[in-house]
């Protein structure tokens, strides 16, 4: 029987973990305390001072609009950028983050107009610069709000000196960049069909468009043949199909494809109230004739094939010919590559006033059309407010009752479709009609449908020779080929957009923004006068772009040329030009940033937005890209993969996540996503991240508690036990992985590796094995000191590696360990000694862990069957027939590795009742209860408990530890 020592409380003789680092993080409150500490200690200024002599690393911030609280997309974007900035700052670079805001444009202007409408005010009654001042104040308010929201996410940056596109200097530089385009003849005035918002009375860029389902009228229309080489075509009709009946008055041609098979068909029977009658001859693509016949309830007979050659000489009449004395123009047949057999009739209604492809094919054939005596001019059938003009006879101001409207001020469809359809029925030119639900472009701000309309605008040419044999398009495509893209698919995506895009529509008919500050004559010729430009730029620098709209601005800027017939352009610049020019007034103007930027990082929608406008602006003025790399992230969906929407009630608000869980939980979610794809977020997903966070935090907490007993002793590498060398080898591997992944912006790879390492290799393996030695060994134990040294290395390296990702938690942990330190964020990633890399040792331990896995499996079964409580109650026999595994275990205390009180290794084939695992050949375990007595201090079962009479209830090892502690006065 073991005698119990009643005089010693053994729990107080153990080196148990001691720390004030709580298990429950309380992040929402703790993060605020850390932010206050950073602010008081001037952490941002210290980061800049520390890095002032290092090489620069520049991430240029794509500016969000200053018009509301941040949403989940903003939060995702800023966290990803913050991780990049912090990771380069901690790896030897001067990485300064300068946040920016896009302040001009329709979103902000729309908000002020909404306020006016609520007050019963009319925007047109307010002086322009007074309105602009309200827009400026609105933007400044939201810059302040968003700054605090970004900082609450843990984002570190120069929030006291951000860039804004409405700053006077920025407006001056934007104007200067515009002048460079003007002076190099890249800007011209022209008329083209542009996307037009009737509700907002302005042209829109592709990036300002979103697509929603919309139900439209669809019609099939008969165009009578006017001229043909073949007599049997003279009384025939070419049938087109369109989803925009209101554009029929603007028709100038019908397009076909020489690659499609067409025939002439005769109507044999008809069951309809209007449309084709028996005996009529109609032209269709053969692949589409059946669907067309069914729609019009016809039985058709194929007469013959129509050759592509016949179409070249075919001329049609307008289906509304004679209406209100108009539409007497000849309708040409044009061979177009955009014509397909996917829907319709195989013939495409072509209205160059209302479609990009229509416009392009019309211009391509312009010389031939004029040779044929066809008027090639393009009409303006619809005005700014969506009303028909005089170019649409019978529907415009000549109509009794006034002009008909296509879309009204509320974005509702007007009577245009109905009136055009009625006119076609009256003219016996309607083949069939219907309704179609399809994806249709809407303004991203008003959410209302837009139209394509021909309107005079200012453009930047994509294909003008720039004097060196290049064009803006070719320069941009070359720059793309020299740019790194993450993911790599972004390169082809941006290149295809640049290759296919039309000229850049610069002008907007709005009030809030940088004006197109040029003077031009009636023919659109731009004044090129350096003195005039200099006066404009000086005024903008001192007063902002409001100077352009001040009374007497024309005379002020033209000076001695004011008597000449130059017209002041009052259109506003496309806001994408503003942000696209930001590289000029941010990267080029600040000493702490580089031009070109190392990286631009935004959502994948910015291939058609900021990435593109920045590229074109820079290539047009500097012949190269303003960035070396482009990274994109996807969009955040709900847990079911649906787009977040207020109407669906499935939005996740970043402020609520922070309030409930803390910013580091949100950041952890970001770090565990494939951010370059669309991600999912919701309560269950967040809870999964909370669970992962707790495991990581507990590992850090255990290390902090253990290191409370660390006296900083260093043991040479060669004197370390093999297990410690293995962990150092793993740290060397992780160091390579972490650095490479930070370079590759693969944050998920880092987080997954470090989570797996902390849970699988540390908590469940290394820490578990070494707890006995760390808690129970004598103070002089080299094994214990070696383990403390390695735990110290693990802690410092892991906390520093994770600091860019989880800045609050890692700061809290670092300050718990080093309370006199200023911040973990002032630390640098540490180099790894070459001697830590030990592949042969790692290979040996793979084999050791295979055997351990079988032992652990056997003990888990024993525990489940309640034959043992703790693994220390076991002393299993391990049978090993595999000589390679047996060799790996030589000179190794497997009982310590398997956390048993004893363990016997036997050579030979395992008995039939031994525990085995199918994936570990040649190993079997026979469970056996440990012999001896349970040590009251370590709880191990040994034969030497009671060998020391002073401590009769502990093992010899523990008795020696107690005597040593007694000598040191610790008990």
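In case you wondered, yes, glycine gets a Cβ from its N, Cα and C as well.
Remember, it's a predicted structure, so these values are computed and weren't measured experimentally.
For reference, Swiss-Prot has these:
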{"type": "MOTIF", "residues": "64-74", "note": "motif ''HIGH' region'"}
{"type": "BINDING", "residues": "602", "note": "L-isoleucyl-5'-AMP binding site"}
{"type": "MOTIF", "residues": "643-647", "note": "motif ''KMSKS' region'"}
{"type": "BINDING", "residues": "646", "note": "ATP binding site"}
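Under the DSSP three-state reduction, residue 602 (L-isoleucyl-5'-AMP binding site) is assigned to strand. Remark: secondary structure over the motif ''KMSKS' region' (643-647) totals 0 helix, 1 strand, 4 coil, with classes taken from DSSP. Note: the motif ''HIGH' region' (64-74) comprises 3 helix, 1 strand, 7 coil (DSSP; helix = H, G, I, strand = E, B). The average pLDDT the prediction assigns to the motif ''HIGH' region' (64-74) is 93.
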